[in-house]
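A.B. asks: Found this in Swiss-Prot, in case it helps:
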type: MOD_RES; residues: A2; note: N-acetylalanine
type: MOD_RES; residues: S4; note: phosphoserine
type: BINDING; residues: 11-22, D45, 162-163, S211, L213, 215-216, 263-266, R269, 272-273; note: NADP(+) binding site
type: SITE; residues: K80; note: site 'Lowers pKa of active site Tyr'
type: MOD_RES; residues: K127; note: N6-acetyllysine
type: MOD_RES; residues: K127; note: N6-succinyllysine
type: MOD_RES; residues: K145; note: N6-succinyllysine
type: MOD_RES; residues: S211; note: phosphoserine
Amino acid sequence: MAASCVLLHTGQKMPLIGLGTWKSEPGQVKAAIKYALTVGYRHIDCAAIYGNELEIGEALQETVGPGKAVPREELFVTSKLWNTKHHPEDVEPALRKTLADLQLEYLDLYLMHWPYAFERGDNPFPKNADGTIRYDATHYKDTWKALEALVAKGLVRALGLSNFSSRQIDDVLSVASVRPAVLQVECHPYLAQNELIAHCQARGLEVTAYSPLGSSDRAWRDPNEPVLLEEPVVQALAEKYNRSPAQILLRWQVQRKVICIPKSVTPSRILQNIQVFDFTFSPEEMKQLDALNKNLRFIVPMLTVDGKRVPRDAGHPLYPFNDPY
């Protein structure tokens, strides 16, 4: 079953369900990609920092292109610029490394992964002696200008942002000659992001939800935190529609035209996650799921300082999550 699409302002069609690859182990991700492509996925979400683009490239090389199972023009591939590569001189080399690893001539979408820059170099998490991150003063508006040059060169079809606040999006729009097409953020019924989605849609950006199932596999999970997949309303709808709780959460998103990139390396789940286009919730059922919102953000980069877990970047002037949305 192919996923339905949204139309980006660039004219590109972006499938509403893609395969996420964050936390997909090398050794597993190649088979996951190949399986996903055989069951109808046409959207793969990648990032340099995930450390698995080389293996994803092997899967794409075997499956995508002239005379192979999937024509390149049918596939939508996203990747992301890491924080150590924000300096304008580093942007194109970073993209070219991603393209080489993925064995692609162009990306359909390239996102700035976070608004703030880390110190330049090959260490992805440069640190001070006390364990805090070493930042770089490059502003995302300057990085954006360097990203725009990649579109002019035909290396990237569309640009976007990840983990930016509404204010930061407007800041980019104020200098952009190539407008961002997509914002990727954490989003699920506990963090519905209604204001941010409305903000984006009013400005011609589509929204992609990462961790759409609540990321229960994250390393720092607090055992006392609520579990989205176990919510009674989710369970009740799963029973009513004879679906899994995951399918209920994904259907809620695609029904509000939010793109989802659930990660899995398990074939049965990969298949299940795309089977969300043959049932529809009533407006009342959508409201029941909307009511789960508690602005609960799970994905906040953390550090251990003096034995305590603290948000790694919260003191940075460009930290996005200090803004209301």
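Glycine is treated like the rest: Cβ placed from N, Cα and C.
What you see is a predicted model, and the numbers here were worked out from it, not measured in a lab.
How buried are these features, and what lies next to them?
C.D. replies: Applying an 8 A CB threshold to same-chain residues 6+ apart, the list for S4 (phosphoserine) reads P15, L16, V254, F277. DSSP classifies S4 (phosphoserine) as coil under the three-state reduction.
Note: K80 (site 'Lowers pKa of active site Tyr') has non-local neighbours C46, A47, A48, I49, Y110, L111, M112, H113, S162, i.e. same-chain residues 6+ apart with C-beta under 8 A of its own C-beta.
The number of other Cβ atoms within 10 Å of the Cβ belonging to K127 (N6-acetyllysine), over all protein chains shown, comes to 13. In the three-state DSSP scheme, K127 (N6-acetyllysine) falls into the strand class.
Applying an 8 A CB threshold to same-chain residues 6+ apart, the list for K145 (N6-succinyllysine) reads P88, V175. K145 (N6-succinyllysine) falls within a helix when secondary structure is assigned with DSSP.
DSSP gives S211 (phosphoserine) a coil state; it is part of no helix or strand.
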A.B. asks: Tell me the Cβ neighbour count for D45 (NADP(+) binding site), meaning other Cβ atoms within 10 Å of its Cβ, over all protein chains shown.
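C.D. replies: Neighbour count, Cβ to Cβ under the 10 Å cut-off: 25.
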A.B. asks: Any idea what DSSP makes of S264 (NADP(+) binding site), helix, strand or coil?
C.D. replies: coil
A.B. asks: I'd like the number of other C-beta atoms within 10 A of the C-beta of P15 (NADP(+) binding site), please.
C.D. replies: 24
A.B. asks: Among the recorded positions S211, S264, Q272, point out the residue whose Cβ has the most other Cβ atoms within 10 Å, with all shown protein chains included in the count.
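C.D. replies: Of S211, S264, Q272, the one with the most crowded Cβ is S211.
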A.B. asks: Per 10 Å Cβ neighbour count, which of the binding-site residues L19, L213 ranks highest?
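C.D. replies: When each Cβ's neighbours within 10 Å are tallied, L19 tops the list.
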